[in-house]
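Taking it in order: structure first as structure tokens, then the write-up.
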Amino acid sequence: MNRYLPVARQHFLAALASTSVVVKSISAVVVLLYLLSWVVDTPYALGVTPGYLFPPNFWVWTLVTHGVVEQHVWGVAANLGTVMACGRLLEPLWGALELLIFFAVVNISAGLLAGLSYLLTYISTFDLDYLFAVRVYGAAGFVGGVLVALKQTMGDTTVLRVPQVRLKAAPALVLLLLALLRLSGLLDSCADLAAYSYGALSGWVYLRFYQRHSRGRGDMSDHFAFASFFPEALQPAVGLLAGLVHAALVKVKVCRKMVKRYDVGAPSSITISLPGTDPQDAERRRQLALKALNERLKRVDDQSAWPSMDDEEDEDEDEVRTDTQLLLPGGRDPSSTPRPAGGPVGASLSSTSLSSMSQSSGGPSAGGAQHPESSIISFEDAPSRS
């Protein structure tokens, strides 16, 4: 175990160094509050207590701080791992500011809804423990929101091969796991289960209807519908119920109505964007693929830093290359032709003679038969006559 701790620490520091200021700040606050919890009861002062959240106490700051409060090492590890996953997977698509907004929306909504649920439970049972003995804190709510966001962006990614589990099924599986832990008694209260459920729900509502991006707001694709979080056998019934709830929320102006969009300014013909065919998910996948491709190309460029041998051979050939000379018919070099004696070096001009020139000269030369090398004609400067 001691051998793997330095390696894990090195990888964690390397991943943290490549993240933005938002991720580093959240991680630093989590570690600082964990160290502070050794001397101060941080869940009481900074966690959500349903009895203190609503009037007359009204501890509203706990809605902001409860998501970064941890009392155990495994809680710190889960919180930091979730924040780092957001920095590596979601921040390149959204940006640092959008990630901070998502973090605030999910945590505030999860704390508020969990406190309201315990308040309603107290009204039903009149048990004061639901108001003052419950502490809602930790990364459970943000984990739910992040898993929903990962389902939206990369839901087809395989998490486990045996059995085959894809990332789009992770929110429901984690919810089932927390329910089993609560039923078995390993969880002291339902606070983590409630925070996770409301965090996933608030994250889905924000991403579905309110998140701003280049194509407008929200994500109305079919693969991100509320029924897609449930098994296929239950999806028709859940889809019908979700449609009725959505229609009611549209009437009270909480959610917007899904409408068809017509792009009449398209260069070819009218482009119709229907609900469920929004290519926002395809754009996110394309950006992830481009990022992965750029990283691979960068590694390949770093490995191929040695010069090519072919380039060096081409440079040597260019240096050795000399001026070309014209060859005579038959492959002879004009520089190898003997110069006549007695004349100056620059006074003789050698040129090739075609067969038509020898025929137009009036027959064989005066000296007898024509020599094979008589095609070379030399002109010498004759002495001037007085």
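Here the Cβ of each residue, glycine as well, is placed from N, Cα and C on the backbone.
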Looking at 58-81, 226-249, which stretch does TrEMBL describe as transmembrane segment?
58-81
For the transmembrane segment (58-81), what are the same-chain contacts with Cβ under 8 Å, counting residues 6+ beyond its ends?
12, 26-27, 29-31, 33-34, 37, 42-43, 46-49, 52, 103-104, 106-108, 110-112, 136-139, 141-143
